[in-house]
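Straight from Swiss-Prot, the features:
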BINDING   Thr25, Glu44, Gln52, Tyr57, Val97, Phe132, Asp298, Ser339  FAD binding site
Amino acid sequence: MTDQPIFTGAAGAIIDLTIIGGGPTGIFAAFQCGMNNISCRVIESMPQLGGQLRALYPEKHIYDVAGFPEVPAASLVDSLWQQTERYSPEVVTGETVVSFRKLENGNFEVSTDAGSVFESRALLLAAGLGAFSPRKLPQLGDISDLEGSSVFYAVKAKSDFEGKRVVIVGGGDSALDWTVGLQGVASGITLVHRMHEFQGHGKTAREVDEARDAGTVDVHLNTEVASIERRGEGIASVQLRRKNASVCTVEADRLLLLIGFKSNLGPIANWGLELVDNAVVVDAHMKTSVDGLYAAGDIASYPGKLKIIQTGLSDAAMAVRHSLTYIKPGEKIRHSFSSVKMAKAKKKEEEHA
């Protein structure tokens, strides 16, 4: 990934907008700050920007971002950062914002778990679904010693499954995507789903059906994982139990559990904001119940919200735009097309070259 400027100086500089969260929504919000001539700081709890795209499935291909017929998750993050870095936003990684307070002058002060304190004129929450942890199968007991070697909850590198017999558990988008995506990588793929039909995208479900008909994937519906058989420091097989109580054994080297994640807003849940379904309620201007505090992306809730990357990018643009009325009260907010703004910037660069 393109090198990121990491803010390491004294936390005394007052900037216009603090963006909490460095996933796609947060990165694009930083770009929008540059486009609107306001300063910003991005605070991300992970070691790198990119959120779930980089942390959980960097090699997963994404198909529903405008302008990208198909793009690996990590490449999308890199492109977003390349678009943003020209404005040199301050970036703080590896720190989690644990609290905020509104000052008498209307500014906001946030504190992190590392003891850092930052002040800004407005705040934007772009923390996705908050902290997340994978859902596990309680019937397997303690398998922590197998996690990351034989048992996985995400595909971070296809090489982990190269030439291996893989059992994939789940029926949503991730399970279907990797049933298709690991063909030609794994030596064998078995998909196990406890329900009678898939819940993932129709196109991918059809591709899985076609792979099953072609004999390149084994599919077990109405079936659950009952147990695993160990061999040395890995696994030898997975025992399956069908709803009719019959059982079967599938030889396996890897168990890929793609049954979702449990999200937790963490400290944000205690900030006194209006919440619904583990998300922060915003108005048409992306403003929360606290004046000067905005939210965008998966963490923001409003009628008709669709939780996809594309919507998060739109939310970010809206939130930054409307934050200007709080950051610069009384000033007339003028819209400038990006093509015009960039043309002026390039002309200025050429004049100073």
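The backbone N, Cα and C atoms fix where each Cβ goes, and this holds for glycine too.
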Completion exercise
Thr25 (FAD binding site), Cβ-centred 10 Å count of other Cβ atoms over all protein chains shown, is 31
Completion exercise
Of the binding-site residues listed (Gln52, Ser339), the greatest number of other CB atoms within 10 A surrounds the CB of Gln52
Fill in the blank from the handout: Neighbouring CB atoms within 10 angstroms of the CB of Asp298 (FAD binding site), all protein chains considered, total 26
Handout entry: Where Ser339 (FAD binding site) falls in three-state DSSP terms
Key = helix
Completion exercise
The sparsest Cβ environment within 10 Å, among the binding-site residues Tyr57, Phe132, is found at Phe132
Completion exercise
Simplified to three states, DSSP reports Tyr57 (FAD binding site) as coil
Problem - All-chain count of other Cβ atoms within 10 Å of Glu44 (FAD binding site) - result: 26
Problem - For Glu44 (FAD binding site): DSSP state (helix, strand, coil) - result: strand
Completion exercise
Excluding its own, the Cβ atoms lying within 10 Å of the Cβ of Val97 (FAD binding site) add up to 25
Exercise for the section: Let me know the DSSP-derived helix, strand or coil state of Thr25 (FAD binding site), please. Expected result: helix
